Amino acid sequence: MEDFVRQCFNPMIVELAEKTMKEYGEDPKIETNKFAAICTHLEVCFMYSDFHFIDERGESIIVESGDPNALLKHRFEIIEGRDRAMAWTVVNSICNTTGVDKPKFLPDLYDYKENRFTEIGVTRREVHIYYLEKANKIKSEETHIHIFSFTGEEMATKADYTLDEESRARIKTRLFTIRQEMASRGLWDSFVSPREAKRQLKKDLKSQGPCVGLPTKVSHLTSPALKTLEPMWMDLNRTAALRASFLKCRKK
C-alpha cells in the first residue's frame with residue numbers, strides 16, 4: 001500500500017499526509033491504510049477548492065487555466081493539511097473577520113461565498129452512515145457536511161452540493177480511479193476491511209524481517225509548501241501541480 005500511495009499521489013500530498021501522521025505519532029510505513037486515506041482526503045479537499053474563485057461582485061466563478069484577474073480571490077480557504085496550531089489560527093481569523101461561530105472541531109474548508117465552514121468526508125462505506133457519524137460528532141448546523149464515496153455516491157447537508165456537477169464529477173472520477181487502481185493491485189479489500197488490513201500488516205512485517213523500519217526510497221521532490229504553507233493555499237500554480245495526478249496513476 002505504501003508503494004501505491006507514493007506512486008499514485010502528488011508528492012506534495014504525500015508529504016503533507018506524512019507530516020499530519022507524524023504530528024499525531026503515527027507511522028505512514030506501518031499504518032499504510034490510514035496513509036492512503038489521508039492522502040485521498042487531502043486530494044479531495046484540494047480538488048473541491050481548485051478552479052473556484054469569487055469575482056469583484058462577490059459571484060462564484062470557475063477559472064481552469066491561465067492567469068485570472070487580480071481581483072479574483074479563492075472561494076475556499078483550505079484548512080485541512082495545516083498543522084493544528086496554524087489551522088486554529090486560520091479558523092480564529094476567519095471567525096473574527098466574518099462573525100461566524102467558531103467550530104468545536106477543525107473543519108476542512110471555509111466557503112467565502114456561502115460564509116460557512118465545510119467538512120469533507122470520503123468513505124469506503126455507505127454515505128448516509130458516514131454522514132450521520134459526522135453530523136453526530138460535529139453537532140453544529142453552522143458547518144456544512146459533504147460526503148463522497150468510492151462508488152460515486154455523495155450526500156450533503158440539506159442536499160446542497162455546493163459545487164457544479166462537473167467539479168463533483170471530477171472528484172468522483174478520481175475516487176473511482178483510486179479504487180480501480182487499488183483493486184488491480186489486490187489492495188482494495190484490505191483498505192475496506194480493518195480485519196483484512198491487520199492480517200495483511202502481519203504478513204508484510206513478517207516478510208520484511210530484520211529490514212522493517214529501514215527508510216525506503218522516496219521522491220526527492222520537495223514541496224515549497226513545507227517551507228511555507230501560505231503560498232501553497234493562495235498560489236494558483238498548485239492547481240497545475242495537482243492536476244497532473246488527478247486522473248492517472250503510474251503502474252509498477
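Just so you know, glycine gets a Cβ as well, placed from its N, Cα and C.
Note: Glu80 (active site) has non-local neighbours His41, Leu42, Cys45, Ala87, Leu106, Asp108, Leu109, Ile120, i.e. same-chain residues 6+ apart with C-beta under 8 A of its own C-beta. Look at Glu80 (active site): DSSP puts it in coil. What Swiss-Prot lists as active site is Glu80 (among others), and the listing cites similarity to another entry.
In the structure as shown, the Cβ atom of Asp108 (active site) sits within 10 Å of 25 other Cβ atoms. What Swiss-Prot lists as active site is Asp108 (among others).
Residues or ranges marked as site 'Important for efficient shutoff activity and nuclear localization' by Swiss-Prot on the basis of similarity to another entry: Arg195 (among others).
Under the heading site 'Important for efficient shutoff activity and nuclear localization', Swiss-Prot lists Lys198 (among others), citing similarity to another entry as support.
Here Swiss-Prot flags Arg199 (among others) as site 'Important for efficient shutoff activity and nuclear localization', drawing on similarity to another entry.
What Swiss-Prot records for Lys202 (among others) is site 'Important for efficient shutoff activity'.
According to Swiss-Prot, the site 'Important for efficient shutoff activity' annotation covers Lys203 (among others), on the basis of similarity to another entry.
What Swiss-Prot records for Lys206 (among others) is site 'Important for efficient shutoff activity'.
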